[in-house]
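Engineer: Pulled these features from TrEMBL for this protein:
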{"type": "TRANSMEM", "residues": "61-85", "note": "transmembrane segment"}
{"type": "TRANSMEM", "residues": "105-122", "note": "transmembrane segment"}
{"type": "TRANSMEM", "residues": "187-206", "note": "transmembrane segment"}
{"type": "TRANSMEM", "residues": "218-237", "note": "transmembrane segment"}
{"type": "TRANSMEM", "residues": "321-343", "note": "transmembrane segment"}
{"type": "TRANSMEM", "residues": "363-386", "note": "transmembrane segment"}
{"type": "TRANSMEM", "residues": "407-432", "note": "transmembrane segment"}
{"type": "TRANSMEM", "residues": "438-458", "note": "transmembrane segment"}
{"type": "TRANSMEM", "residues": "470-489", "note": "transmembrane segment"}
{"type": "TRANSMEM", "residues": "501-520", "note": "transmembrane segment"}
Amino acid sequence: MGKATVPDEGSMPIPGTIHLVDLEGTMTAKHAKGARRDIVLVPAPSSDPDDPLNWSPARKALSTACMCVYTLMVGIASAAIYSVLVPISDSTGLTLADLNAGTGYMFLAFGWGCLFWQPLALQYGKRPVYLISILATLGIQVWAPSTTSNGQWIANKVLQGFFGAPIESLCEISVTDIYFQHERGAYIALYALLLAGSNFVAPVFAGFIADGQGWKWVLYWCAIFCAIGFVFLFFFMEETNYNRAPIVGLASEPQASSLPASVAGDDEKRTPASADVEAVEPLSENTVRPKTYLDKLKLWQEADIRKPNQLGGFITRPLKFLTFPVIAYAGFSYGSNLCWFNVLNGTASLILGGEPYNFPAWAVGLSYLCPLVGVAIGSVYTGWIGDRIVLNMARRNNGVLEAEHRLWLFLPSLLLIPFGLILWGVGAAHAIQWFGEIFAMGIIAITNTIGLQLSVSYCIDSYKDLSGEAMVTVILVRNTMSFAVGYGLTPWVTDMGLQNAFILAAFVGMAQCATFLILVKYGKELRRKSAPRYAKYVEKVASSGMLH
């Protein structure tokens, strides 16, 4: 791969602004097929059949299924203990404060562990990182029932967070490896569904397992699930790392994806692998042969091993990216929306298990089915529906997609966040009918999913060429905020009371959500000003063959 060229500042393209729709049919870039033939494929696929963008629909579906299995298994293992904390406390002698502190450290490690695993995945491959992560989580779940002291519990949770960290920032990049710009929203929404959904579904079955087999079997079953997931990933997950030309903005995209017009009519000689990619010129005789199944099973691919070592840059750049306003905002937005999920989890037993509802533990766990429905609704809205809304906005903008277009999908959250929080907290203070509380859980889950998907997509859409490292920055901000809120939640609700605490939370949540309007107005200018630094980092990464 040749060295990326950084244009003069005066003509520098804006990262996150791309020509996505060819309204007049005059661009020579590669296009999608069928009813979407006017959509420009971003990034441009190569002619290599093993380029993940060129994979067949079945091959892409299998890769996506592997990502889903990993997310579900590791996600369930991280959340299953929420509904069995009291039995764990009674059996081990650890206080609820000790147990909650351990889970707080776990989520902090989920964030900061990305600084270790993400560079390894980008340098040496995502497949080995996924396998090590789920295998280590398996072992940690087997160890957890044997912990008897606070030190052992905290160590167990910190290690679980550290080894489970790829679930936070690597899955999103796996999506961008195999899907085009106009497809990503739906599959990142699928990831959001599984990530948030696993956190809501785990307490449901954990309560029944604890009643039937004891709390230790909640953790043993998590280990069994991880074992099943490891076997599935080992035999079916293949590497998605692939070095390709950079996409630094609107000006460079047509040239980066140019396709000679003479190719357009020779269908017999061009057999595309992917159903979404127009056929391209046949590979030359010197092209590397397609991978065999045994090649796909290798832990490390030869191309990844031969790359120059860039781990130092991968570790330090996510910290430097905190100075990019758009990336910092994405982390703040993600973290702020996750805070309300933490508020819900932290008060569910207090509200539903206390007067006047007096739900038993299994009923509190069963109430999480409503948030699961909310997560599904939020995923459909931000994914499949959101992709169509954003695509229509690009068509109305002369075919040009701005990263901020997707932020308009936050509009429903402006009302849903305060509505859900007031119904949950103030409703409980006034002892409303129990269904109102369950309904509020579903509303909060919808807003949590919207915040997750849109924040992640905004970061990736804005700085695609460095999204692997930028996502680490987003997760660091998000999990640090989550850790801080978790520590202050109990005294906040206790000292202010449910009504005052949640009225305050409602208006804080609405104000936080409204910040997307600032980015809608000024986001493009912020991206324009960041273009020189962004291009410098892209050049540095591309010159070493590490661009994904």
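Even glycines carry a Cβ here, placed using N, Cα and C.
Bear in mind that TrEMBL entries carry predicted annotations, made automatically and left uncurated.
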Engineer: Can you work out which residues elsewhere in the same chain, 6+ from the ends of the transmembrane segment (105-122), have a Cβ less than 8 Å from its Cβ atoms?
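Structural biologist: Hits for the transmembrane segment (105-122): 78, 129, 133, 154, 157-170, 173, 241, 310-311, 314-315, 318, 468-469, 471-472, 475-476, 478-480, 482-483, 486, 546, 548.
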Engineer: With the transmembrane segment (501-520) as the reference, which stretch in 187-206, 218-237, 363-386, 407-432 has the largest tally of C-beta pairs below 8 Å?
Structural biologist: 407-432
Engineer: Under 8 Å between C-beta atoms and at least six residues away from its ends: which parts of the chain pack against the transmembrane segment (321-343)?
Structural biologist: 16, 196, 199, 403, 413, 417, 420-421, 444-445, 447-448, 450-452, 454-456, 458-459, 462-463, 466, 469-470, 473-482, 485-486, 489, 505, 509, 512-513, 515-516, 519, 523, 526-527, 530, 533-534
Engineer: Near the transmembrane segment (363-386), which residues from the same chain, at least 6 beyond its ends, have a CB less than 8 A from one of its CBs?
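Structural biologist: Sequence-distant neighbours of the transmembrane segment (363-386): 83, 185-190, 192-193, 196-197, 200-201, 203-208, 344, 348-349, 352-353, 406, 409, 412, 437-439, 441-450, 453-454, 457.
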Engineer: Which range wins on Cβ pairs under 8 Å with the transmembrane segment (187-206): 61-85, 218-237, 438-458?
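Structural biologist: Stretch with maximum Cβ contacts: 61-85.
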Engineer: So, does the transmembrane segment (61-85) come close enough to the transmembrane segment (407-432) to give 3+ Cβ pairs below 8 Å, pairs being at least 6 apart in sequence?
Structural biologist: no
